[in-house]
Amino acid sequence: MHLSLLALFLFWISGCFTAQDPVTGPEEVSGYEQGSLTVWCRYGSWWKDYSKYWCRGPKRSSCEIRVETDASERLVKENHVSIRDDQTNFTFTVTMEDLRMSDAGIYWCGITKAGYDHMFKVHVSINPVPTTPTTTSTTTIFTVTTTVKETSTLSTQTSHYSDNRYDSGGVGDGNGFLDLSVLLPVISAALLLLLLVVSLIAWRMVRRQKKAAGPPSGQADSVTHILCPPKPHVQPLEDDLCYANLSLQQPRTSPLKKGSSMSSSGKDHQEEVEYVTMAPFPREEISYAALSLASLGQEPTYSNTACLVTHGPRTNLGEETTEYSSIRRPMP
């Protein structure tokens, strides 16, 4: 009977210590798939030299130990579960990494001792990976803010650039206008080309007017004498033709001597060549006619007829019949 009472007393003492210093911790923890979670379990100071463990199972008597300390503060890791005992703060920490959906269930914080171990039940739940994590949302907000700032900066730079362009030349490239440095050479080249064309047209008009007005007043018409051989007592045919070569020359003597002086200088400065068809008269035989056009205001030029072509000073042609003709330029 005394032994029974002693055993009952010892059991009561053991129960008092157990109720007084149990292992405590969170009743429920959760984590995200592919993430990690940490569980802190506290114990009494007199249990610091005992081994601590983390086990899984619905019943405390049949749970499976996943990781256990060696009664020291050294970190112990098994697979993706680790445990470390902090004997100064009387806590041991359990960390589960690379969580899977299959890791959800009932776990226990335990201390190994004689008899029944001290244990505390912890329910672990695993949540699927969120579609938009919190960190991603924060990053998105930051990116939007940065974009707004950059846009404002670009707008300011664009306005400043446009103002500079307006101040420098008044022509901006934003609206499709040409730069002033390109526009000025183009305008100058166009004006130069227009001036060249106008000058060419004016020169051609002046040249035509001079050509239509005839030779200058200081020039005279030279005469070339052509002889048609006389045919005595023979009626001239209709097809007997004589040609006269007329050329313009500078005068060298007075108007009265033009007939001889101009005939002797037939080789100087010929400008125009004209052919004149002359037919003999049926009434009387005229060998040739000499035509001399003088400038306005000058005396008429007289020319003699001869039977030979003469280009030098006139000579005595004998007793042949001589006829003179006076021709003046009509008044305009």
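Note that Cβ sites are derived from N, Cα and C of the backbone, with glycine treated the same way.
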* To do: Just choose from Cys16, Cys41, Cys55 the cysteine that Swiss-Prot connects to Cys109 via a disulfide.
  => Cys41
* Asked: Can you tell which of Asn89, Asn245 Swiss-Prot marks as N-linked glycosylation site?
  -> Asn89
* Return the single candidate from Cys16, Cys55 listed in Swiss-Prot as disulfide-linked to Cys63. => Cys55
* Asked: Do you know the mean pLDDT across the topological domain 'Extracellular' (19-181)?
  -> 78
